[in-house]
């Protein structure tokens, strides 16, 4: 007994020591975690992992000497480590690359609310509750209301026509009916609190929302759909026909279909399913009406109505549905009608069947055309290339390479023109989509890691995807450099002039070609390519032209310096930089750019000269018109005109100046001076 007590005391003391050691390690780990959380965002995840390393290797080695106790301790340590990891790493760290591009985002209402704010009661939350039509909860609610509406559209008419269906499951129908009524009432309450956009902002004023909903036609239909027509059951009994007002809620079902078509990734397939559903509902209604007419005229009363030989519900409905399908699809092969009522119903069915057939042909044809539009356009391009190569008698090897390149595009779904698809979006959304799509690639590019967000937006929007086949040269040494490239997928090899010797391997995320388009002063190669780069397999690249890069970098001098310095480093390593000349940066302009600028300046000068010439011609025309008008005015007043006697005197050489002539001479002189001045101005 004494030995057993001593053993128990030793085990308990050992457990206490183990517990104290574990608690000490846990406290040190928690303090390390708190210090790690207090650092800035630049701390690495490795620090978090090392802070959670509980316990040390020596401690575990000491525990493993006692196997039962070691297993227990290992279990405790594993549980503690798992608990710490789950507590520390529950929140995912934001991506700094995306945060720098997107900028500060507005916090949601819960995070923006102060911590010491009083908790709102249910009544206060309900008074401020407003549903936005763009929320997911609104879409999910549309799903339930669409189910309730579809249930009424299918089952009410069937229960009204087939008495056996109504009687066999009476309590089930009562429960489902009142469940749909509850959903309808809740939907009306939600519609009273459904916000709408006004000047781009969500309206949350409950009084305004209520007035806006009440003034619509939909409110009147919704109100009629929830009228308690079941009160008439006390007079007529539980007749499903009294619940036909529930069918007025059909607009919510159509709204759900429209939103689903917008959200789904397979809109064409959904449209086909939606069309099939409409057709089945129409056939179902027609089958029920056919049975109701047969029952009203008398079962087996003639050859056209339902015979009623088999009284089972399933056979009865299947036969009516079969008759309705043959009639609406205009197949016929059914007994002809006998009575006038039967003829009217069959004629109406034929008209509806023609409309259904036309709808099916039109919709299915357009859907199939839309589904195959991309393939048809792609096949047209292939056929045009094949025809051209056959017409120009291109060799078989090159033709095979072209066909394989097209096959690669189609197999890897690279036939979509991104610029054409995204052209209707604003630049901000286009840039954000491009960032999310090409994020992994852009993160690996060193040139983009420190650039400003505005430059990143411009560069991403200017990138053009290109696909190269195995063995294609992206650029050759000595070529004029007009583009730089960023590798998205694939591998490229820097090869010698023979095309076989491989110097380096470029993988996804690398960029090249920027040296030849930067126009760095002191570069011995100028704007020429400095290496041969060849595609090993199929490679997806992003191309950025020289004009686009210069246009974007011109407004960001810091990024311009980074590009310049990186280009100098590469040239210095390759021995292609003349340090004595390398004093400038990207300001060097080659001859081609100078000629382009001179052409632009010449166009501007020609435009200005044409404008000045037009102004001169217009001014000259106005002056001539003024001189002509002045001459006509002088002639009209008689100034400067000679009478017959004065004319004879002038011919005889006798001066015949009168007093009026003396007074007229200064005026004539004045007119001559005015004309002289006008001519001088001209």
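Just so it is clear, glycine is given a Cβ too, placed from its N, Cα and C backbone atoms.
Look at Swiss-Prot and you will find 455-577 tagged as 3',5'-cyclic AMP binding site. The secondary structure of residue 503 (3',5'-cyclic AMP binding site), as reduced to three states from DSSP, is extended strand.
Taken from Swiss-Prot, the feature compositional bias 'Basic and acidic residues' covers 20-30 (among others).
What Swiss-Prot records for 658-672 (among others) is compositional bias 'Basic and acidic residues'.
Taken from Swiss-Prot, the feature region 'Disordered' covers 1-41 (among others).
For 649-682 (among others), the entry in Swiss-Prot reads region 'Disordered'.
Sequence annotations record features per position, and here Swiss-Prot assigns topological domain 'Cytoplasmic' to 1-136 (among others) based on sequence analysis.
The topological domain 'Extracellular' annotation in Swiss-Prot covers 158-169 (among others) and is backed by sequence analysis. Here the topological domain 'Extracellular' (158-169) has long-range neighbours at 239-241, 244, 284, 288-289, 291-292, 295, 313, 316-317, meaning same-chain residues at least 6 beyond its ends whose C-beta is under 8 angstroms from one of its own.
Across the topological domain 'Cytoplasmic' (191-218), DSSP helix (H, G, I), strand (E, B) and coil residues number 13 helix, 5 strand, 10 coil. Per Swiss-Prot, the feature topological domain 'Cytoplasmic' maps to 191-218 (among others); the stated evidence is sequence analysis.
Residues or ranges marked as topological domain 'Extracellular' in Swiss-Prot: 240-272 (among others). Secondary structure of the topological domain 'Extracellular' (240-272) per DSSP, as helix, strand and coil residue counts: 30 helix, 0 strand, 3 coil.
The annotation topological domain 'Cytoplasmic' is assigned in Swiss-Prot to 294-311 (among others) on the grounds of sequence analysis. Residues 161, 319-320, 323, 335-339, 341-342 of the same chain, all 6+ positions outside the topological domain 'Cytoplasmic' (294-311), place their C-beta atoms under 8 angstroms from a C-beta of that stretch.
Look at Swiss-Prot and you will find 333-343 (among others) tagged as topological domain 'Extracellular', backed by sequence analysis. Predicted-model confidence for the topological domain 'Extracellular' (333-343) is 85, expressed as mean pLDDT.
What Swiss-Prot records for 365-682 (among others) is topological domain 'Cytoplasmic'.
What Swiss-Prot lists as transmembrane segment is 137-157 (among others).
According to Swiss-Prot, the feature transmembrane segment maps to 170-190 (among others), an assignment based on sequence analysis.
The transmembrane segment annotation in Swiss-Prot covers 219-239 (among others) and rests on sequence analysis. Long-range neighbours of the transmembrane segment (219-239) within the same chain, counting only residues 6 or more positions beyond its ends whose Cβ lies under 8 Å from a Cβ of the stretch, are 160, 170, 174, 181, 184-185, 187-188, 191, 213, 245-249, 251.
For the transmembrane segment (273-293), the list of distant contacts is 153-154, 157-158, 160-162, 257, 261, 305-306, 316-317, 320-321, 323-325, 327-328, 341-342, 345, 349, 352, 356, 359-360, 363-364: same-chain residues at least six beyond its ends, Cβ to Cβ under 8 Å. The transmembrane segment feature in Swiss-Prot is assigned to 273-293 (among others); the stated evidence is sequence analysis.
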Local Cβ density at residue 567 (3',5'-cyclic AMP binding site) - other Cβ atoms counted within 10 Å: 21
In the chain carrying residue 455 (3',5'-cyclic AMP binding site), residues 6 or more apart in sequence that have Cβ under 8 angstroms from it: 552, 553, 555, 556, 559
Spatial neighbours of the topological domain 'Extracellular' (240-272) far in sequence, C-beta under 8 Å, 6+ residues away: 139, 142-143, 145-146, 148-150, 152-153, 156, 159-160, 166, 173, 177, 180-181, 184, 187, 218, 221-222, 224-225, 227, 229-230, 232-233, 363-364, 367, 370-371
Neighbourhood of residue 503 (3',5'-cyclic AMP binding site) by C-beta distance under 8 A, where only residues 6 or more apart in the same chain count: 493, 494, 495, 496, 531
Spatial neighbours of the transmembrane segment (137-157) far in sequence, C-beta under 8 Å, 6+ residues away: 131, 173, 176, 179-180, 183-184, 187, 190, 194, 240, 243-244, 246-247, 249-250, 252-253, 255-257, 259, 263, 281, 284-285, 288-289
Number of helical, extended and coil residues in the topological domain 'Cytoplasmic' (294-311), per DSSP: 4 helix, 0 strand, 14 coil
Per DSSP, three-state class assigned to residue 487 (3',5'-cyclic AMP binding site): strand
Neighbouring C-beta atoms (10 Å sphere around the C-beta of residue 519 (3',5'-cyclic AMP binding site)): 22
